[in-house]
Amino acid sequence: MASLNNLFLLLTWVLLLFMLVDSSEQASLLRDDFYKDSCPDAKSVIKAAGCDASVLLDGNDTEKTAPINSNLIGYDVVDDAKQAVEAICPGVVSCSDILAYAARDSTVKLNGTGWTVQGRRRDGLFSCADAAENELPLPTFNVSQLIESFARRGLSKTQMVILSGSHTVGVGHCDKFIERLYNFSATHFTDPSINASYAQQLKKDCPQAIFNTTLEIFMDTITLGEFDANYYKVLSEHKGLFTSDQSLERRFDHRFGKAMRAMGAVGVRAEFQVRRNCRTVNPC
Ligand code: HEM
């Protein structure tokens, strides 16, 4: 279960990274069922496991080396999927499309309803740690910062709220919200927007003294590992881990898939390539 969550995080993080790129040309490039003729079996092979897959590139100072991405795992699962697809259709299916299909499939495995994935993304040629570090939204963001961050990539307020509902699965590490528990402000030692008894519990789970960055807390404490709307209930009870989420108390429904299609279309570039190996750009 943990690996599915992590894979979903990797995939969704990748989608967020694609948001770094100008969104003007993208949606029209994508197609439903794009591999129907060129690689009809791709979807069934990918099962297990975007928009330019730059987070997959190995190397010094690539996105995967950025501290904000330090907890990402699951790269090997993408490698396996790529290898399987290359075996049946060499050079046809991009790493970024593999990620997009896998994001959908991992939510279905967690009992989500899924959505139709658009295909035809190309894999980027560059990857830069600073871009990830400077551009990804932070868990300390307030509502205006979140709205602005998504709006810069052409995504609406509503889409931002719906996409944040993906925190129905997975974990947050203590270091991502510890500032809400201890020495929060001059007037409040602990963030008053956290339910008081839940804050007590979190302090036990994430003690200040022996605090380390490997401790993990489930974000949706009602239905662990289920892709459902319960995260919003968690938030309405003031039990969200992050300021960014606690500011959002809304419904979560089939609009998630629609919003994922919109996010998955950000930063798609026709001039990029289909990588042979997801970890390196193709040799000249
Ligand atoms: C709105 C802005 C967002 C912020 C500030 C944010 C922040 C975070 C943070 C801080 C974590 C915990 C990471 C860790 O402790 O290692 C996390 C986990 C996660 N996020 Fe987000 N996120 C955002 C949007 C999204 C979106 C749009 C998706 C997917 C559509 C997503 C999917 C996930 C998943 C699945 C996890 C769990 C990962 C795991 O279990 O390892 N997040 N997010």
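A Cβ is built for glycine as well, from the same backbone N, Cα and C atoms used for every other residue.
Summarising the annotation, TrEMBL assigns signal peptide to 1-23.
Annotated Ca(2+) 1 binding site per TrEMBL: Gly50, Asp52, Ser54, Glu63, in sequence order.
The domain 'Plant heme peroxidase family profile' annotation in TrEMBL covers 50-282.
The disulfide bond annotation in TrEMBL covers Cys95-Cys278 (among others). Taking Cβ-Cβ distances under 8 Å and a sequence gap of 6 or more within the same chain, the neighbours of Cys278 (disulfide bond) are Ala53, Leu56, Leu57, Tyr75, Val78, Asp79, Lys82, Cys95, Ile98, Asp123.
Mapped onto three states, the DSSP output places Pro137 (substrate binding site) in coil. The substrate binding site annotation in TrEMBL covers Pro137.
TrEMBL lists His167 with the feature heme b binding site. Cβ environment of His167 (heme b binding site): Met219, Asp220, Tyr231, Asp245 lie under 8 Å away, each six or more residues apart in the same chain.
When Cβ atoms from all protein chains are considered, those within 10 Å of Thr168 (Ca(2+) 2 binding site) total 27, not counting its own. The Ca(2+) 2 binding site annotation in TrEMBL covers Thr168, Asp220, Thr223, Asp228.
Cys206 (disulfide bond) falls outside any helix or strand according to DSSP and counts as coil. For Cys206 (disulfide bond), the Cβ neighbour count at a 10 Å cut-off comes to 24, with all displayed protein chains included. Look at TrEMBL and you will find Cys174-Cys206 (among others) tagged as disulfide bond.
The two recorded residues Cys174 (disulfide bond) and Thr223 (Ca(2+) 2 binding site) have their Cα atoms spaced 20 Å from each other. For Thr168 (Ca(2+) 2 binding site), the spatially nearest entry among the recorded positions Asp52, Ser54, Glu63, Pro137, Cys206 is Pro137, judged by CA separation.
Confidence for the domain 'Plant heme peroxidase family profile' (50-282), expressed as mean pLDDT, is 89.
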